[in-house]
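I have a structure here, written as structure tokens, and I will follow up with some questions on it.
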């Protein structure tokens, strides 16, 4: 009789534990799927230029997977674009906050630094832009688009010799880059005018 009680108590204790473990493992598997569903919806809303809905879906994905640097970076990009279109400082702050969080989660993402730098550049914040773009270049010195962006920041800020240096790095890799050739021609013309 005593043996039955022991077996019964294992069943009584064992089944709830098995159920709890099953639910927990299901939760671990389902959560990333739910986040991905919201992420895919956000991408569709973005393509359809339904910005509020896209932001909402990205926020839902982030609420499910707050540790996803990728989701935060995508949300930051939308905020960046909206802050530029609307010239809205509040939305700019949201963009910067999401970029910073994404970079805390993945500090080796040169593209995120570059995009944050370009966001600052679009708002005329040249020193901040240059700082972020230098970080991007430090992480990936061979990425010519980072040099192009930094050169553009220097040019917009009137730092022509620095701009020329960065643009030359692009031409060293892509000798026939027309935009860079035009930018260098403009810089050379400006430098000649300043010499007179």
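Heads up, the Cβ atoms here are built off N, Cα and C, so glycines get one too.
So TrEMBL has the following annotated:
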| type | residues | note |
| --- | --- | --- |
| REPEAT | 76-109 | repeat 'TPR' |
| REPEAT | 110-143 | repeat 'TPR' |
| REPEAT | 144-177 | repeat 'TPR' |
| TRANSMEM | 12-30 | transmembrane segment |
For a three-state summary based on DSSP, what are the helix, strand and coil counts in the repeat 'TPR' (110-143)?
27 helix, 0 strand, 7 coil
Taking all residues of the repeat 'TPR' (76-109) together, what is their mean pLDDT?
96
Report the DSSP secondary-structure composition of the repeat 'TPR' (76-109) as helix, strand and coil residue counts.
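Computed counts for the repeat 'TPR' (76-109) are 28 helix, 0 strand, 6 coil.
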Would you list the DSSP helix, strand and coil counts for the residues of the repeat 'TPR' (144-177)?
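The composition, in the requested order, is 27 helix, 0 strand, 7 coil.
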